[in-house]
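Undergrad: Handing you a structure now.
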Amino acid sequence: MRSKSKSHTLKSIFLMTSVLGMSFVLSGCDSKTWCQIKAAVGIVNQEQCTAAVIKANAGPEVGVFTLKAQPFTLKSELPGRVLAYRTAEIRPQVSGVLLTRHFVEGTDVEPGVSLYQIDPAPFESAVRSAEGNLIAAKASADIANITVNRFQSLLGTNALSRQDFDNALATKRQADAAVKQAEASLENAKINLEYTKVNAPIGGRIGRSNFTEGALVSTTQTTPLATINQLNPVYIDIPQSSREYQYLRNKIITGNLSAEDKTVVQLKLENGEMYNESGIISFSDIAVNPSTGSITLRAEFPNPNLTLLPGMFVNTVIEEGVIKDAILIPQQAVQRTPTGQAAVIVVTPENTIENRIVTVDRADGNMWLSTDGVKAGERVLVSGLARLQFLSPDNPFVSPVEEDPNAPKPTSAPDAKKADVEQSDSKKDDNEQSSENKSE
């Protein structure tokens, strides 16, 4: 019995020595050859060897993204230009010399405050002259009225002809009209005198003064004295193509797009930062600009810190509506055919592949909005294109990608997998050797 055990031990030692010797000779062989050698000497069986080689050669798994229907907010990014909510150009309504300026340039002014004072002397004189003319007209009217009353009492006698009475009555009426004209002239003179005080018609921020004290200003000049802009809130005019407008309108009519009563607009500033206030579309033009083929949308934005200034160019992000069952495809899954069509590789439930032409509408981040070609529940290839040759119902090396298709995923290199196979086999050899030592 002891000699049989000794013989078995010698056989095992010889076998291990042979394997170790061959390992030095075949150290340059690949994992498949090495595994077949170990299977030949009985260290592993053929099924284990085949599975290990397939796993090692498969390399990175084929990454797929499962499509699903989900609500999607349709957005458009369009350029826009900031306009003041209200703008008032300050112009003189009478001609004269500027005596004083009552505001500080670049500050906020309230409605009705005095901005300029034009020399009032000529207009004060005009008021006094108009007052004198009114007094004279009233005196003439009084005389004409007395004459008519006197002739009225004599009309029934033969002392006064009817013609004389009619002449007196006409003179009275002319005198009354002259009084009204004099009153109007006086009122106009007072208005012109009041116009020498140039007041702010609206509240807002006033800009620089285009004229200084001592300048002669005129009602016919083209340059305003100054300009006031009301900057909180502000308007932003956004040109939208008539084609895009009609596209959205058709989607709303067919029920594919649900739109809110008030369209929300986000704002991106010139430095790329997002504005911290949201706006709404308050107005849509009723005609298409024939030179640009666009319709002007007007958005209203709060501007408490006066960040937005008139004339500033910005980018607007308009939330045009919500698609209830939108299909989004990762951009890395979409390829272009030689004819320029968008295409994806669909991985079927049987782990076969199918080339599919799709229609993509617009990009949103790292995703494409698809309107035709694929449906919810289908899987599209996003990575591992070179490993499609290993894909089969018996070899389903498919890794689902759900969160971010562009996020880097850890991959196992083929050499690392081979090392895992060899390390596992080495542990099996150690366990078998330990069992034999125990039996001895």
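From the backbone N, Cα and C atoms, a Cβ is placed for every residue, glycine too.
Found this in TrEMBL, in case it helps:
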COILED    172-199  coiled coil
COMPBIAS  415-440  compositional bias 'Basic and acidic residues'
DOMAIN    86-228  domain 'Multidrug resistance protein MdtA-like barrel-sandwich hybrid'
DOMAIN    128-196  domain 'Multidrug resistance protein MdtA-like alpha-helical hairpin'
DOMAIN    233-321  domain 'Multidrug resistance protein MdtA-like beta-barrel'
DOMAIN    325-387  domain 'Multidrug resistance protein MdtA-like C-terminal permuted SH3'
REGION    393-440  region 'Disordered'
SIGNAL    1-27  signal peptide
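Help me picture where these features are in the structure shown.
TA: Within its own chain, the coiled coil (172-199) is flanked in space by residues 90, 92-94, 96, 112-120, 123-124, 126-127, 129-131, 133-134, 136-138, 140-141, 143-145, 147-148, 225, which lie at least six positions past its ends and keep a Cβ under 8 Å from the stretch.
Here the domain 'Multidrug resistance protein MdtA-like barrel-sandwich hybrid' (86-228) has, by DSSP, the following mix of helix, strand and coil residues: 68 helix, 29 strand, 46 coil.
Helix, strand and coil counts from DSSP across the domain 'Multidrug resistance protein MdtA-like C-terminal permuted SH3' (325-387) read 6 helix, 37 strand, 20 coil.
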Undergrad: Please spell out the DSSP helix, strand and coil residue counts for the domain 'Multidrug resistance protein MdtA-like beta-barrel' (233-321).
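TA: With helix first, then strand, then coil, the domain 'Multidrug resistance protein MdtA-like beta-barrel' (233-321) has 13 helix, 40 strand, 36 coil.
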